[in-house]
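Chemist: Copied straight from Swiss-Prot:
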- 2: N-acetylthreonine (MOD_RES)
- 13: phosphoserine (MOD_RES)
- 19: phosphoserine (MOD_RES)
- 49: phosphothreonine (MOD_RES)
- 52: phosphoserine (MOD_RES)
- 57: phosphoserine (MOD_RES)
- 71-152: domain 'PDZ' (DOMAIN)
- 110: phosphoserine (MOD_RES)
- 158-228: domain 'SH3' (DOMAIN)
- 243: phosphoserine (MOD_RES)
- 268-466: region 'Interaction with PALS1' (REGION)
- 282-451: domain 'Guanylate kinase-like' (DOMAIN)
């Protein structure tokens, strides 16, 4: 068994199924007619700096460069920002540095990045600072006239890229952003449509589903990863164990260390590229939470109430069977030699040792549940999320947090602390977070969310499709 879904038979078939589903979705979207809008701004006939009429676009006249100039006029009657930033180029000419998607200028289509501005309302911009020009354009109302030299570089097609945010971001708290007002605030898990990424440090994006149509600046993945890596931090403490097999032991450490190079890029998270798929069935329900938060009660309730839908994979152990235990029912009993051999062959999804005995869950056991068209329930350590979050297992990952009600005992405070440690490190993997104020309430919310996820369009990692 390998970690990549595409390398195994089961993983390959699931990868292909999701790829076909995505292709069908794209074809259906492409067949729909697209709306066309016409901006209401007024653009005059082209003029030339030497005063000549349009002569069929000569490049030079008498050895002098002919620069094509356009007069752009539009009315600004509100306090709405124009949605552009300016800069001085190497010739100290005022040029358009950035156009925010959805802003006034973007909607009009009157300016483009790189356009050189010569005059604003008849005033030459020479010898004016960028701050002065930005302020003048912001405060001006009524009819605005701009004399510009268009950027002759070819226009790139609009991006069609969506990213899932893996961190919280507030531009007002960011000292690196060039313009805090132009920043886009978002939270972990938000889907961001990337509009422009010409700037290597600051991309433009818009939160999907937001009522705000205009785009804002977000740190690029490179900038965010550099920022996080540059912050001096003390060595991170080990995440609290939430495994039913107890704390991870040397066998598991060895196993995870063997594959750590595969996931090195996940140590510093920023964004994850995603695609939107039509509804499809999630094959695995993963419960994550600190030890003692109540995951076992939730899991057992799901199994008892929905035996035809959910199945818990029977784990393997080297512990000798007790008198009342039947092989293959509570556990699969195998020798230490066989389990060690299976571990070396990467057949275990997760494993550990407890009181001198080894316990673990095999990939094949989960696959057999899927072949029965049932949903496998896993309660695993958060470190294992990197392994199970594949198209092969198609998991729906639910984080169970401790109650925020009742008396704050010392035990509850410790549980909340352990829970927050898991959340802070692994929240970008979660599809759903629930506070366990009661098993019945939590169970109802979980099942509703799971059914909704399986019956609605879903954002999934692009690696599940391509």
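Cβ atoms are placed via backbone N, Cα and C, with glycine included.
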Chemist: Specify the count of other C-beta atoms within 10 Å of the C-beta of residue 110 (phosphoserine).
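Modeler: Summing over all protein chains shown, residue 110 (phosphoserine) has 21 other Cβ atoms within 10 Å.
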Chemist: Tell me the residue counts in helix, strand and coil for the domain 'PDZ' (71-152), as DSSP assigns them.
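Modeler: DSSP composition of the domain 'PDZ' (71-152): 15 helix, 32 strand, 35 coil.
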Chemist: Would you mind giving the whole-number mean pLDDT across the domain 'PDZ' (71-152)?
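Modeler: Summarising the domain 'PDZ' (71-152) by its mean pLDDT gives 84.
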Chemist: List the helix, strand and coil residue totals of the domain 'SH3' (158-228) as derived from DSSP.
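Modeler: Secondary-structure breakdown of the domain 'SH3' (158-228): 14 helix, 24 strand, 33 coil.
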